[in-house]
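Listed features, source Swiss-Prot:
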BINDING   335, 386, 512  Zn(2+) binding site
DOMAIN    1-61  domain 'TGS'
REGION    242-535  region 'Catalytic'
C-alpha cells in the first residue's frame, strides 16, 4: 500500500489507495480545504488523482505558482462554459494559460462586443455560485471524436486527430459542459472567485492567416480579489505606457501597412534615440575588448544547412529566393556569419579569446496574429556578440559578459532583474565532461558576482547551458533581454579549430550573448518603462528654447545655437503662440528642459528654466544651465523626476 513522501521528507502510510485530496486531509483540514491539486515527479495532477504506489508528492494550493496556473486553466474552461450557455452556436477551440491570465478562442462569426463580455463574465460568476464539481474522464479516440462531432464541435475533433496516438484522451466535465483537456483543474467552480475578462481580439485558427478568423477572449485570474485589484491597476498603468500609443504621440516610429506587418520605420526622433543607444553600445563594447563586425543579410541556403537552421529553425525562416540557379536565404541569426569569418584562416591559441560584436539585422517569420508593435516584429536588429575561447577561459569570459551586461542595463535604468541558469537537457550534444565544466563555469561566475539566481534543471538548449536575465520595469513586469549561451554544436558542425600550445588542433568553445536583445524590442521596453519621459542622456530633444514674443528672437537663436554647439540636442520654438501654449505642448512631448526667453532674460543674459514636470528652476546664466544639463546627461541611469 502507498507510502507518500512529502517535500519536507516526512512520510504518510496508507493501507489502501488514496487521492491527493486524501493525503491533504490526512495532514489537516486546513490543507484539505486549500488543496487545488498535486505535483508528482514534476507533473501536475488533480486533487482527485489516485495514488496507488509509493511516491513523492507536493500538495498544490493557491499560494503556489502552480496553483495559480491551475486556477487560470480552470477559468479558461469556465469562460468556455459561459459562452456556450449564452451563445450555443459558438464553437470552442483552444483555451491555454498565458502570462498573467488565460484566453479562449471561439468560432463565432457575429463577433463579441464589450457588452457581450460583461454578460459572459456575469454568467461565469453565476456558474461559480453553483459550485459545480469538476471531473476528469478518459475516452478512447473514437469515443471522443464521436462525442464532439455530435456536439457540433468540429475544431475539437480536429485537435483530437492531431494528438499523438500514444497519448490518452482526457475530458473534463463541469455541470452540463464538457471539454477536451489534459488538466489539471480545480475540484469545483466555487474555487474561482477572482477573475476578470479584459478584452476580445481576432486570432487565426492555429495561428495561420490562411485559416478561419476566430474570436479570442482574454481574461486574468488570481488567488484573491486583492491580487486581482493590484493586477488590474498594473494593467491600467501598462495601457497608459503602451509603446504603440506613445510612439505615435511622440512621432518615434511607425509600422506601415503598405510595407507589411512587423517591419519598423524609425522616424527622426526615434532614430535619434537609436543612434544614442548604438553609440553607447559600441563604446562600451570597444572598451570591453570587442571588435565590431558587419555581415550580409542573405547567404546561400547551404550555409543554413551546415549550421542546422534549416533542420531546427525552418518554421521561423522565410522561404529562400533564387538567383542564377542558387538559393539564398534571409538570415534569421548572425552566428554562422561570425563562424565563417573565424574560419577564414587557422587560428592560434594565442589569439583566443576572440570577441566579435555586431548590430546585425535579422528576419524571422512570424504569424501576423503574433505581431505586436515593437515587441514582436519580423525584421529587427540584434545586439549580437560571439566569443571564441578555450575551455579554461570560459569563466573569465562569463565574468566579463556579466560585468558589461549589468553595467549597460543599469545605464538604461534597469537595476532589478531575475537570473536563471539553465542546465543540460535530456537530449543534448557534446561530451558530458565539457557540459559539466561549462555549467560549473557559469555557476561560479554568478557566485563570484554575488548574484541571486534560480537553476532551471534540464532547461538549457540542446547545444549548451545558458544564463538568462529578465529585467524588471517601472511597473514590475519582467522582460527577457540578456542571454549568455554556450554552444558546443556550431564548432562541431563547422569543424572549427585552433592550434593549441602543443601543436594539436582543438575545437574552440563558442559563446553567444546579447545584452539588449532586439533593439526594437528594447526600445519598446524603454518607452514603456519611462512612459516616454526619457532620461536626459537618451531624450531625442534634451532642451527646447522658447521666445515669448518676436522681440526675443535674436537672443533665443543665440541660446539655442550655443546649446547645439555644445553637443546638446536642442530645439528652437519661435512660433507666434502664447507661451503657456508652447510650454504645455513641449511638456506633452516629454522634453526634459524648457527654456523661456522674455525681455528680462534678454536684458540679464539669462534663461528661465523649467522641467517637463512644470517645476520652475528659476533664472540661470546660460553657462550655469549648460553645466547643469551636462551633469544630468552624464548621470547614466538617472532620470529627472517631479521630486528633483
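Placement of Cβ uses the backbone N, Cα and C atoms for every residue, glycine included.
In the structure shown, across all protein chains, 386 is the one of the binding-site residues 386, 512 with the greatest number of other Cβ atoms within 10 Å. For the domain 'TGS' (1-61), DSSP puts the residue distribution at 14 helix, 23 strand, 24 coil.
As a whole-number mean, the pLDDT of the region 'Catalytic' (242-535) in this prediction is 93.
There are 21 other CB atoms within 10 A of the CB of residue 335 (Zn(2+) binding site), with all protein chains counted. DSSP classifies residue 386 (Zn(2+) binding site) as strand under the three-state reduction.
Same-chain residues that are not part of 335, 386, 512 yet have a Cβ within 8 Å of the Cβ center of the Zn(2+) site turn out to be 333, 334, 338, 339, 384, 385, 485, 487, 490, 510, 511, 513.
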